[in-house]
Structures are given as C-alpha cells and as structure tokens.
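Annotation source Swiss-Prot lists chlorophyll a ChlzD1 binding site at HIS118, citing sequence analysis. The annotation pheophytin a binding site is assigned in Swiss-Prot to TYR126. Marked as [CaMn4O5] cluster binding site by Swiss-Prot: ASP170, GLU189, HIS332, GLU333, ASP342, ALA344. Summarising the annotation, Swiss-Prot assigns chlorophyll a PD1 binding site to HIS198 and lists sequence analysis as the type of evidence. As annotated by Swiss-Prot, Fe cation binding site applies to HIS215, HIS272. The quinone binding site annotation in Swiss-Prot covers HIS215, SER264, PHE265. The feature site 'Tyrosine radical intermediate' is assigned by Swiss-Prot to TYR161, with sequence analysis given as support. The feature site 'Stabilizes free radical intermediate' is assigned by Swiss-Prot to HIS190. What Swiss-Prot lists as transmembrane segment is 29-46, 118-133, 142-156, 197-218, 274-288.
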Amino acid sequence: MTTTIQQRSGASSWQSFCEWVTSTNNRLYVGWFGVLMIPTLLAATICFVIAFVAAPPVDIDGIREPVAGSLMYGNNIISGAVVPSSNAIGLHFYPIWEAASLDEWLYNGGPFQLVVFHFLIGIYAYMGREWELSYRLGMRPWICVAYSAPVAAASAVFLVYPFGQGSFSDAMPLGISGTFNYMLVFQAEHNILMHPFHMLGVAGVFGGSLFSAMHGSLVTSSLVRETTESESQNYGYKFGQEEETYNIVAAHGYFGRLIFQYASFNNSRSLHFFLAAWPVVGIWFTALGVSTMAFNLNGFNFNQSILDGQGRVLNTWADVLNRAGLGMEVMHERNAHNFPLDLAAAESTPVALQAPAIG
C-alpha cells in the first residue's frame with residue numbers, strides 16, 4: 001500500500017510540473033522550449049559577464065600573440081570583448097574537458113564557444129517558445145516567423161561564417177569595438193557594401209524604422225475625439241480601453257493627400273503585415289548574404305581600374321574603396337606569413353591617389 005501511494009505521489013508531482021510548465025496563467029510563460037531556453041541563456045549570460053570582466057588574453061590568431069579583451073586587462077566598456085577562440089582550434093568543438101587545463105582553455109578562447117553555443121540554443125528555444133505560447137492561446141504563428149530574422153542574422157555571424165571561413169577565430173567578437181572590427185574586416189575581405197543582399201538589408205532596417213515612425217505618429221495624431229474642444233483629447237481615454245482610439249479612415253485620408261492616394265493603407269491588417277514583412281524580409285536577405293559570403297561568394301568588385309588612352313589610371317570612387325579595403329585587410333592580418341593574397345600575388349599598388357604637382 002505504501003509503494004502505491006508513493007507512485008501516485010510521483011505521478012501527481014510530474015503532472016503538476018507539466019501543468020505548470022504549459023500553463024498560460026503564469027506571469028511569465030515557461031513552456032517546454034522555456035525549459036531549454038532558461039538554463040542555456042543563463043549559462044551564456046553568466047559566462048559572458050565573467051569573461052568580459054576577467055578573462056585572460058586569447059591567442060586568437062594562433063601565433064602566440066594573445067589579444068586581451070576583458071576589463072581587468074586594460075579595456076573599457078567600448079573596447080572590451082569576449083575574444084573568439086583561437087585559429088589553432090579552428091572549427092573543433094572545444095569544451096572545457098577537451099583542454100589539458102583551465103589555463104589552456106582560457107588561452108585558446110574556450111569561453112567564446114561556451115557563450116555562443118549556449119546563446120544560439122537559447123535564442124532558438126526562445127523562438128520555439130513564441131510559437132508554443134501562440135499555439136496555447138490559439139493565435140496565428142507569425143510572431144516567431146518575424147523573430148526568425150534576427151535569429152538568422154545571429155546564426156550567420158556566429159555559426160555559418162566561421163564554418164565557411166574554416167575557423168571560429170573569424171566569428172564576430174562579443175563586444176562593441178569587436179563588432180566594428182568584424183564589420184571592417186568583412187568589408188575588406190568580401191566587399192559586403194557592394195552585395196545586393198546587404199543593400200536589401202539596409203533598406204529593410206532603415207525603411208522599417210521610417211515606416212514604424214510614420215505609423216506611430218499617424219496613429220497618435222488621428223485620435224477619435226471624446227472630449228470637448230476646450231479639453232485635451234488625452235482626457236478622453238484610459239490606458240488599455242477596449243474601444244478603438246483612432247480613426248484609420250482619417251489617417252488614410254491624411255496620408256493619401258500628403259503623398260498620393262494609393263501610398264496609404266485603408267486596411268489595418270494589410271498595413272501591419274507590411275510593417276512586419278518589410279524589415280523581416282530585409283534582414284533575411286542580409287543573413288543570406290553573410291551566409292553566402294562566408295563561402296567567398298563576395299559582393300561586386302571593381303578591381304579593373306578605368307584607363308585613358310595612354311594606359312594611365314583614371315581614379316574613381318571604386319579605386320578609393322579598393323584602397324580602403326586593402327588598408328583594412330593589412331591592419332587585420334597581423335600575421336606576417338598570412339599576408340593578404342590579393343596584395344601578395346599582385347603588382348604593387350600605390351597607397352595614395354596621385355596628387356597634382358605643386359608650384
């Protein structure tokens with residue numbers, strides 16, 4: 001009899017746990033994806049904070065020239081970063097137990113892999129949790145589809161790009177200046193600014209910001225008046241009220257006269273679909289562009305200069321971009337025996353544009 005009671009108690013505890021995990025009445029929904037998300041994001045956050053503050057220098061290039069990224073080694077909030085794992089490790093999975101000692105693991109940049117892998121699993125689980133909560137509430141699943149855009153971008157810079165380049169040392173450092181360094185080197189090696197998918201991403205981000213600002217300002221400027229002319233319109237509303245607070249017909253009429261009639265939406269669902277789809281599709285394309293450039297399918301280049309009848313170079317903006325890219329690439333490649341191939345294999349290139357003779 002005692003054994004039977006214990007089994008029922010165990011089953012009841014598990015059932016209670018399942019109900020708590022999947023309950024939509026909790027202040028914060030957990031969900032089964034949340035069971036995976038919470039520990040992975042906690043592990044990534046804790047390791048990131050400790051590494052950002054106190055990690056020793058990392059031999060990122062694999063040439064015994066460690067690069068310091070933590071605050072305790074002289075960096076500040078702007079210059080600090082969790083430095084990517086060493087080029088000597090390459091694409092090998094490098095958990096703590098693969099190193100001979102903790103010092104070796106830190107020297108080869110093991111914390112970077114720990115943070116990135118747990119972070120990626122965490123954001124994948126967060127996306128699944130968005131779908132799970134939508135499913136429990138009977139909603140449509142497009143929230144997690146929209147979130148897939150930044151997830152794809154993070155996957156591109158932290159996972160796909162290192163795979164394509166052959167080493168996690170080429171991944172984006174986890175810091176402010178490290179992000180800028182990654183962007184400069186990416187431009188130097190892949191000419192990302194001349195890649196059409198990056199252009200679509202820029203249009204998506206800036207266009208999305210513009211449309212969001214236009215929509216928000218238009219809605220808050222076309223309130224349905226519930227007060228007299230002598231009172232503020234704001235007094236006619238309560239936060240979270242069920243009644244509609246603005247008139248989309250009035251907003252449509254205003255915007256149609258400001259631009260032209262068919263530039264404005266008269267259907268709220270179409271409008272909000274557009275507001276969601278524009279930046280999401282743009283960021284999808286950027287992630288796709290980074291993922292293709294990871295395997296050196298680069299942006300357009302203008303390596304052939306324009307020449308006049310005597311064979312002299314007519315310097316154009318393309319030449320300026322090329323020289324800037326070569327300069328960034330030289331600064332990046334601190335390793336003498338890993339000199340940029342487009343410099344080492346070609347004829348010498350003048351560093352500056354030709355200046356006219358003075359006097």
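Backbone N, Cα and C define each Cβ position, glycine as well.
The shown structure was predicted, so the numbers you read here are calculated from the model rather than taken from an experiment.
Shown on the structure are the features that Swiss-Prot records.
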| residue | record | DSSP class |
| --- | --- | --- |
| TYR126 | pheophytin a binding site | helix |
| TYR161 | site 'Tyrosine radical intermediate' | helix |
| ASP170 | [CaMn4O5] cluster binding site | helix |
| GLU189 | [CaMn4O5] cluster binding site | helix |
| HIS198 | chlorophyll a PD1 binding site | helix |
| HIS215 | Fe cation binding site | helix |
| SER264 | quinone binding site | coil |
| HIS332 | [CaMn4O5] cluster binding site | helix |
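Here the listed stretches are 29-46, 142-156, 197-218, 274-288, and the one with the most C-beta pairs under 8 angstroms to the transmembrane segment (118-133) is 29-46. The recorded positions shown are HIS118, GLU189, HIS190, HIS215; of these, the one with its CA atom nearest the CA of PHE265 (quinone binding site) is HIS215. Contacts of HIS118 (chlorophyll a ChlzD1 binding site) defined by a Cβ separation under 8 A and a same-chain sequence distance of 6+ are given as THR40, LEU41, ALA43, ALA44, CYS47, in order along the sequence. A count of other CB atoms within 10 A of each Cβ picks out HIS190 as the most crowded of the recorded positions HIS190, HIS332. Taking every pair among HIS215, SER264, PHE265, the residues recorded as binding quinone, the greatest CA to CA distance is 11 Å. Considering only the binding-site residues HIS198, HIS215, HIS332, HIS190 (site 'Stabilizes free radical intermediate') has HIS198 as its nearest partner by CA-CA distance.
Residues within less than 8 Å, Cβ to Cβ, of GLU189 ([CaMn4O5] cluster binding site) and separated from it by at least 6 positions along the same chain comprise ASN298, GLY325, GLU329.
For HIS332 ([CaMn4O5] cluster binding site), the nearest neighbour among the listed recorded positions (TYR126, TYR161, HIS198, HIS215, HIS272), judged by C-alpha distance, is TYR161. Spatially close to SER264 (quinone binding site) yet at least six residues away along the chain are ALA251, HIS252, PHE255, GLY256, judged by Cβ distances under 8 angstroms. Close to the recorded quinone site, the chain also has MET214, LEU218, ALA251, HIS252, PHE255, LEU271, PHE274: residues not among HIS215, SER264, PHE265 whose Cβ is within 8 Å of the site's Cβ mean position.
Residue density at HIS215 (Fe cation binding site): 17 other Cβ atoms are found within 10 A of its Cβ, drawing on all protein chains shown. Only ASP170, of the binding-site residues TYR126, ASP170, HIS198, HIS215, HIS272, have a C-alpha within 10 angstroms of the C-alpha of TYR161 (site 'Tyrosine radical intermediate').
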